[in-house]
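As annotated by TrEMBL, domain 'Dihydrodipicolinate reductase N-terminal' applies to D:3-123. Look at TrEMBL and you will find D:Gly8, D:Phe9, D:Ala10, D:Gly11, D:Ser12, D:Met13, D:Gly94, D:Thr95, D:Thr96, D:Ala120, D:Pro121, D:Asn122, D:Phe123 tagged as NAD(+) binding site. The NADP(+) binding site annotation in TrEMBL covers D:Lys38. Residues annotated as domain 'Dihydrodipicolinate reductase C-terminal' in TrEMBL: D:127-259. Positions annotated as active site, proton donor/acceptor by TrEMBL: D:His150. Per TrEMBL, the feature (S)-2,3,4,5-tetrahydrodipicolinate binding site maps to D:His151, D:Gly160, D:Thr161. What TrEMBL records for D:Lys154 is active site, proton donor.
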There are 4 protein chains.
Amino acid sequence: MTRVLLAGFAGSMGQQVVKLVKEMPSFEITAGLAHHLKSNDPAEYGLPAEAKLYTSLAEIPADAADVWIDFTVPASVYQNVRYALENGYRPIVGTTGLTDEQESELTELAKEKGLGGLIAPNFGMSAVLLMKFAQEAAKYFPDVEIIEMHHEDKKDAPSGTALATAKLIAEVRKPHQTAPEASESLPGARGGDYQGIKLHAVRLPGYVAHEQVLFGGKGEALTIRQDSFDRSSFMSGVKVALEKVQELDSLYVGLENIL
Amino acid sequence: MTRVLLAGFAGSMGQQVVKLVKEMPSFEITAGLAHHLKSNDPAEYGLPAEAKLYTSLAEIPADAADVWIDFTVPASVYQNVRYALENGYRPIVGTTGLTDEQESELTELAKEKGLGGLIAPNFGMSAVLLMKFAQEAAKYFPDVEIIEMHHEDKKDAPSGTALATAKLIAEVRKPHQTAPEASESLPGARGGDYQGIKLHAVRLPGYVAHEQVLFGGKGEALTIRQDSFDRSSFMSGVKVALEKVQELDSLYVGLENIL
Amino acid sequence: MTRVLLAGFAGSMGQQVVKLVKEMPSFEITAGLAHHLKSNDPAEYGLPAEAKLYTSLAEIPADAADVWIDFTVPASVYQNVRYALENGYRPIVGTTGLTDEQESELTELAKEKGLGGLIAPNFGMSAVLLMKFAQEAAKYFPDVEIIEMHHEDKKDAPSGTALATAKLIAEVRKPHQTAPEASESLPGARGGDYQGIKLHAVRLPGYVAHEQVLFGGKGEALTIRQDSFDRSSFMSGVKVALEKVQELDSLYVGLENIL
Amino acid sequence: MTRVLLAGFAGSMGQQVVKLVKEMPSFEITAGLAHHLKSNDPAEYGLPAEAKLYTSLAEIPADAADVWIDFTVPASVYQNVRYALENGYRPIVGTTGLTDEQESELTELAKEKGLGGLIAPNFGMSAVLLMKFAQEAAKYFPDVEIIEMHHEDKKDAPSGTALATAKLIAEVRKPHQTAPEASESLPGARGGDYQGIKLHAVRLPGYVAHEQVLFGGKGEALTIRQDSFDRSSFMSGVKVALEKVQELDSLYVGLENIL
């Protein structure tokens, strides 16, 4: 039985993790961390009756669990993960906000302690596989464009996942424009440009979060598409991370790197 | 039996029309017009042996056929259609290049002569139906974006069909931006804008000519897509025009208006 | 101000209607019908404070509202709509379960009373438009197949909407098989058959309710697709019905018939 | 400069290879094999003037080229490849018709001779990548269905590529039915079944050769799609094979195994 400490158990992502772990017979949440508690009763949060609830890092003993799952807030995540590693926990981190420097530092610390773990900005398996496959396909199909579709309230364009996909593709192909001479009668029609890769962002009500990568070659096309319909989609990736975390020999960044 | 005069029979579209008419039992090509002829033998062009070949308008008598199909060049089309109407032919015109003024003038002339006919910039049934349905759907789904995908050699963006679709949609909805506050970290990511309708143009090898209209509403989406794989696709629309031209009471512009 | 009586206001669809009407300035819910009430306070159900709550047909006076919206249960719907018409209400009915005979009878009664209204098995605008467009496109593209995708818990295949779409298409094309000689190395690979129209049903977790109609012609293809992501999608159709119900001159069956 | 012998240079696939090699500066066709020749002039087939043309295996010397590309016929392929290996050529084989036994035997022979090469039933890169990615994705998304779409003249259903994809997926997931209780009101609606994987085959005019693999998971979906628009699409895979063949240490079966 692998014991799990869940930091951020009262939040919406934390509650999804609670449900997930209940369905995994070899895992159990034995401890939870939350800065503010409405109740001291673990059952109020769907946790096992014997789970210990903590409201600060200092209260947490070194053997409360084997794995530390972190879905908290950017302001806490660095301290949390440092504390986890120093006390022998293997971290699985879905909280965003770590700088590149902090990631390096934590990776170094994990090495010293001989602990594996995972920091992942995106735990949606369909998004992670899309990025992985897109990078691989770009070696054979250098001509590629990205279309992402999101709900009308999304404020930034293109989405972080679309941009991350473009970066992965750019690593494996020579920068070039596919149709450099196309002229736009409506400015922006050809989309945004990242090193010659065009990105198009659609914003419409009804849509949730969707991404397509379109590859074209002589006489053929390859398209990879992912659809996220709701937040529960992130749990498939957390599940994979939990199943693999005990075998990881270092602290990885990116779910795709442990697949 | 309806008799057809085919102007531009030696061109690639003209040759498609030759094949089409052969498969329509109630129609026959009885005359052809081409400014330059490599051969005087109709069989060389796939035409019936008894078809008359002409190389100038002046040679063509008034009773050479019932219907005048025109797939020639922008420089000739106005004169051709005027000649056709003046001599009692019902025109079906796929040649582009008529100005709005010329269209009005020809429509007026057709009225005087009591002749019906059709001028259509696009004879692809899938494209024409897409435009028709898109306009109808926009009454119920005012939030809409357009994505078109073409081969890498297409020089203009967005495509004429995509822009024509946006114009049809704009006629039936109030101008508005769907996600006005979205900010672009890559300029152009949100696409080109026509009265608040975003248009995105993809250019990739392998692709031919494709268009999607995406509608979004609360909790649902509607998508209309058309794919043109080759030039033979235009013939479905010419066939419909031939079948309806005898009943048309005036000169229509746009295949969608006779459906 | 149009006054609305809402039968079934406590159910999940009823509660969606409550939200919808609040956003429509010219409409107001003035009365509600539900057989069992947990509370006599309209505010508990999101209704205006002055709305009257009834628990049986007999209690409802003839002038409680102008329009009767019915999202109740198959066992009640016939009696409800009959009562509505007899007492001068224009009905908008989303409850399923009326037989063809009952529909005819109610249509006749509406005629006698000079009342318009709508009975609609599907209020999802994207599904209704898909069916309408599919029927129209089939006149020009007689070769067509249908693919529907639903969540893994859906028990019947194909879906009611997919079958209804096939029936509409069958009305306007001659029955024929598109590829009659294809042999199946896996039985069922070519799908289910309705008068020569092939239907394919996909069942996968993650999916909600989606339908595609694929038309193919020489060198081109046309695809119409709709996605329903959640129940709120039905409200777009109820909104259209409310806006049009006062002008309807008879009792219509099918939202597509009042578009 | 790598020298290529092209067996089957006069056929339609052979002629595609001729065009491909012309565009690859480090490769040259130095010899060709065809059983019947209309002309002895290499230029008639688009080949370099100094290319040698042979009409039987016996005429071909051991040093006519480095690589043997084979696009011939099932009846010849085994003898051809055996001859190639025995005479020191590295084979790239696109001809179908080898039995499993013959493949094993040739693999053994290549080993003895210390020669690498490739036998590939499908050289379309988009189809090959689709199969590779589908197998990988199935480890994380065990619920999956396949839809393939082909022109109306295709006689078998499902397509060989779709079935090959299902087999690759079946290797990595436990056999199970995704929605076992779904009942079919139209027999075949749920598709063909290969070890619990449903396959759906669409046949429509206009379509060429297309395949989609649909994965569904909690709250998300992943779709991989490939489109083959014409035969030129196979050349991308032949190009990859040519670029890699000199480094291959044995005779591989399946383009995906050398990517």
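Any Cβ shown, glycine's included, is placed from N, Cα and C.
Here the features listed in TrEMBL are placed on the structure.
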| residue | record | contacts (Cβ under 8 Å, 6+ apart) |
| --- | --- | --- |
| D:Ala10 | NAD(+) binding site | D:Ala34, D:His36, D:Leu37, D:Lys38, D:Tyr45 |
| D:Ser12 | NAD(+) binding site | D:Arg231 |
| D:Gly94 | NAD(+) binding site | D:Met13, D:Ile69, D:Asp70, D:Phe71, D:Ala120, D:Phe123, D:Phe234, D:Val238 |
| D:Thr96 | NAD(+) binding site | D:Pro74, D:Val77, D:Pro121 |
| D:His150 | active site, proton donor/acceptor | D:Ser159, D:Ala201, D:Val202, D:Arg203, D:Tyr207, D:Val208, D:Ala209, D:His210 |
| D:His151 | (S)-2,3,4,5-tetrahydrodipicolinate binding site | D:Arg203, D:Leu204, D:Pro205, D:Gly206, D:Tyr207, D:Val208, D:Ala209 |
| D:Lys154 | active site, proton donor | D:Arg203 |
| D:Gly160 | (S)-2,3,4,5-tetrahydrodipicolinate binding site | D:Pro121 |
| D:Thr161 | (S)-2,3,4,5-tetrahydrodipicolinate binding site | D:Asn122, D:Ala127, D:Met131, D:Glu148, D:Ala209, D:Glu211 |
Greatest C-beta neighbour count within 10 angstroms, which of the binding-site residues D:Gly8, D:Pro121:
D:Gly8
Among the recorded positions D:Lys38, D:Thr96, D:Lys154, D:Gly160, D:Thr161, state which ones have a Cβ less than 8 Å from a Cβ of chain C, giving them in sequence order; state 'none' otherwise.
D:Lys154
D:Phe123 (NAD(+) binding site) has how many other Cβ neighbours within 10 Å of its own Cβ?
25
Applying the rule Cβ within 8 Å of the centroid of the Cβ atoms of D:His151, D:Gly160, D:Thr161, what extra residues of the same chain belong around the (S)-2,3,4,5-tetrahydrodipicolinate site?
D:Glu148, D:His150, D:Lys154, D:Ser159, D:Ala162, D:Ala209, D:Glu211
Hey, does DSSP put D:Thr161 ((S)-2,3,4,5-tetrahydrodipicolinate binding site) in a helix, a strand, or just coil?
helix
Max CA-CA distance, Å, over listed NAD(+)-binding residues D:Gly8, D:Phe9, D:Ala10, D:Gly11, D:Ser12, D:Met13, D:Gly94, D:Thr95, D:Thr96, D:Ala120, D:Pro121, D:Asn122, D:Phe123
20
Three-class DSSP assignment, D:Pro121 (NAD(+) binding site), comes back as coil
Secondary structure at D:Gly94 (NAD(+) binding site), reduced by DSSP to three states:
coil
Across all chains shown, how many C-beta atoms besides its own are within 10 angstroms of the C-beta of the residue listed as 'NADP(+) binding site'?
9
Please work out the helix, strand and coil residue numbers for the domain 'Dihydrodipicolinate reductase C-terminal' (D:127-259) from the DSSP assignment.
46 helix, 42 strand, 45 coil
